[in-house]
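Asks: Taken from Swiss-Prot, the feature Ca(2+) 1 binding site covers D62, N110, D112. Summarising the annotation, Swiss-Prot assigns Ca(2+) 2 binding site to N110, D112, D118. Taken from Swiss-Prot, the feature compositional bias 'Gly residues' covers 1-12. Per Swiss-Prot, domain 'C2 1' is recorded for 9-145. Annotation source Swiss-Prot lists domain 'C2 2' at 184-307. What Swiss-Prot lists as domain 'C2 3' is 338-471. The region 'Disordered' annotation in Swiss-Prot covers 1-30. The annotation transmembrane segment is assigned in Swiss-Prot to 608-628, 722-742 on the grounds of sequence analysis.
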Amino acid sequence: MAVNGTGNGTGDGDFSLKETSPNIGNGGVNGGEKLTSSFDLVEAMHFLYARIVRARALPVNDSFVAVKIGSYKGRTKQILNSNPNPEFHETFAFTKTRLQGDILEVVVRNRDNPNEDDIVGKCKFDVAEIPTRVPPDSPLAPQWYRLEDRNGVKIGGEIMVSVWIGTQADEVFSEAWHSDSASVTGENVVNTRSKVYLSPRLWYLRVNVIEAQDLVLLHPNRINPEILIKGFLGNVVVRSRISQTKSVSPVWNEDMMFVAVEPFDDSLILSVEDKVGPREECLGRCEIKLSQVERRVLPGPVPSLWYNVEHIGETGEGRRFAGRIHLRVSLDGGYHVLDESIQYSSDYRASAKLLWTPPIGVLELGVLNATGLMPMKSRGGRGTTDAYCVAKYGTKWVRTRTIVDTFDPKWNEQYTWEVYDPYTVITIGVFDNLKLFGAGNENRLINDSRIGKIRIRLSTLVTSKIYTHSYPLMVLKPDGVKKMGEIQLAVRFTATSMMDMLQKYTEPLLPEMHYISPLSIYQLDSLRHQATHILCINLGRNEPALGRDVVEYMLDVGSNIWSLRRGRANFERLVSFFDGWIDAWKWFDEICKWKSPVTSVLVHIVCLFVVFLPKYCVFSMLLYCFVFGLYRFGLRPRHPPHMDIKLSKADSALPDELDEEFDVFPSSKSGDVLKRRYDRLRGIAGRMMIVLGDLATQGERVKSLLSWRDPRATSLFLTFCFVSCGVICFVSMKLLLTFLAFYVMRHPRVRVFDIPSIPQNFFRRLPSRADSIL
């Protein structure tokens with residue numbers, strides 16, 4: 001894919017990162033300004049707020065209130081309790097720059113007469129006379145206003161209203177009805193609001209199944225029963241292996257791991273099952289309440305207990321004793337429950353709050369605006385986009401309000417997080433809201449469309465500096481990478497204690513339990529899947545709900561699925577790392593070939609310096625690193641890293657490779673497509689197999705030096721070792737090293753090129769176990 005474009009970005013073409021100068025902090029900002037006021041990372045947006053509190057002495061019982069200015073109109077919910085003194089407690093926010101009139105009207109209407117010309121009463125406010133209120137000023141007290149009829153005559157009934165000009169810093173901003181989403185009505189209005197979510201605290205539940213005794217089989221004459229344990233926690237099922245002890249007293253000594261969520265209201269159910277052919281028959285169950293399970297914070301043994309196993313009849317009655325099971329159950333709070341990909345994690349703290357250290361800083365994010373968004377759907381015969389942002393860091397998720405029907409939405413919302421480790425990543429995703437115009441049941445089945453995602457690693461940011469950049473929003477689709485627009489962000493990472501932050505670089509990344517009692521890769525993968533499932537359920541219960549599709553996209557679920565594109569990208573990263581070593585080897589080879597006699601002579605002199613003055617050699621190397629690091633300070637990166645399509649190989653991936661990457665697991669393909677992909681994977685795996693075999697061969701040749709597998713080679717090596725011992729006893733080590741270095745770098749006149757050296761010839765003749773491979 002050809003990518004062209006211009007700009008002052010750090011990437012190529014339209015996918016570049018651009019530095020911006022937004023009007024934040026009561027004026028423009030330049031990269032290093034340190035603004036400190038509240039909401040100083042966003043542009044101030046002024047709103048006309050109208051808070052409808054209550055009404056009294058209305059001449060009708062079922063009423064609602066409409067608030068309008070110009071063509072914008074919002075309305076409260078209808079009060080259907082036949083009450084002439086209704087309570088509303090709703091707030092309306094009109095963007096001041098888009099006001100289409102000078103008079104704000106608050107109109108009380110009767111539910112039974114929805115006619116626009118038929119009103120119960122109203123009151124008017126001149127916009128020019130409305131006061132301005134900016135936090136931390138106290139909220140304006142609401143006042144009672146007499147209602148007027150259409151002719152301006154005072155009538156019976158009053159309404160309590162508070163009206164003011166404010167900004168997005170107002171406390172009611174997130175709960176208010178906004179004029180930029182006026183086309184959304186009814187129960188869908190809640191899906192346009194901003195929201196702060198907190199992830200539940202998750203713990204690992206460890207169930208060490210030791211043994212069972214006196215199990216009662218359903219078939220008393222059965223010989224060699226195959227007993228296993230099934231664990232149920234919520235919707236999660238974990239199976240043990242079949243016990244190797246084929247009796248009614250089986251032994252396992254196996255760990256079963258679950259993810260449990262506070263406040264531990266659930267119960268763990270263990271089912272003892274006998275595998276009879278393809279079926280598994282339940283011999284009995286045991287229920288353990290999580291609230292009664294011991295919580296383990298530090299490494300140490302947990303006492304084991306015996307639990308009764310009860311068999312329950314098909315009707316749920318007739319419980320009877322079916323044996324005993326020996327368990328060691330604990331809630332392990334010393335682990336960090338991984339719900340994100342480890343390389344993009346935003347938190348590494350243990351589950352137990354007792355193990356938390358004080359925060360080392362504060363992260364502030366200003367979500368300013370987006371520009372040039374692509375049409376995501378069609379409404380009214382034209383393309384449109386209803387965009388909102390979601391940001392996740394640690395256990396705190398934030399969601400901006402939805403800006404309806406615009407390709408250039410302005411949010412200007414600011415959020416803060418406490419930082420406990422600088423080696424963490426904040427993730428910002430942009431989505432198109434598809435839950436604004438459907439019915440409630442329909443909305444639950446709709447997935448919001450992805451517009452793009454940004455990751456920013458805090459350790460790459462200079463503390464107290466404001467970064468204002470426009471990030472490209474990219475989505476990889478089966479037909480290639482596509483730019484969906486740009487989002488402008490302002491980010492600042494402030495350290496509360498520089499010493500505490502520097503100390504973090506000396507501490508383990510994960511809590512101690514991950515190293516003292518490590519979990520297997522399989523367990524971590526299964527537990528991460530469980531944690532993601534719990535978060536999806538928990539965040540989906542809020543209003544507005546964060547859908548499973550949004551949560552999984554933010555948590556990077558599916559990142560471990562095979563992708564040829566990512567495999568090529570990682571291979572090139574590895575090659576890039578070795579490029580420096582390869583260049584150094586080529587340079588040394590040129591020294592040995594004396595292509596530049598002056599350089600070769602200088603290297604010989606340096607070699608003598610290293611051999612005879614090793615102390616100064618180490619000193620020189622450290623000094624060189626120090627000076628070179630200072631020199632590189634002027635060339636340091638000025639921008640935070642961003643998604644690179646060239647590094648990701650997204651611009652050169654073939655359609656079939658992308659189609660394979662987006663295929664479900666297990667694959668939905670069949671026939672020739674699946675055969676072609678399988679053959680391609682076999683070719684890649686075959687090359688990897690050869691490389692691994694070559695590495696194993698070299699290692700086995702080293703081991704064979706003393707194995708006497710080749711008696712002549714071992715004899716030669718032992719003779720060499722014995723002679724070398726004698727030489728070292730009588731010849732100075734410095735002279736030996738000098739001779740060895742000069743021999744390696746000897747002049748071409750005393751060297752035969754293109755012929756392997758004696759050590760190489762000897763090493764290649766050593767045996768390996770490759771001869772034993774079938």
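Every residue gets a Cβ built from N, Cα and C, even glycine.
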Asks: If you measure N110 (Ca(2+) 1 binding site) to D118 (Ca(2+) 2 binding site) at Cα, how many Å is it?
Replies: 8
Asks: What mean pLDDT score does the domain 'C2 2' (184-307) have in the model?
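Replies: The answer is 91, the mean pLDDT of the model over that range.
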Asks: Considering the binding-site residues D62, D118, which residue's Cβ sits among the greatest number of other Cβ atoms within 10 Å?
Replies: D62
Asks: For a quick check of packing: other C-beta atoms within 10 Å of the C-beta of N110 (Ca(2+) 1 binding site), how many?
Replies: 18
Asks: Within the domain 'C2 3' (338-471), count helix residues (DSSP H, G, I), strand residues (E, B) and coil residues, in that order.
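Replies: The counts are 14 helix, 62 strand, 58 coil.
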Asks: If you measure D62 (Ca(2+) 1 binding site) to D118 (Ca(2+) 2 binding site) at Cα, how many Å is it?
Replies: 14
Asks: Where does D62 (Ca(2+) 1 binding site) sit in DSSP terms: helix, strand, or coil?
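Replies: Note: D62 (Ca(2+) 1 binding site) is coil by DSSP, not helix or strand.
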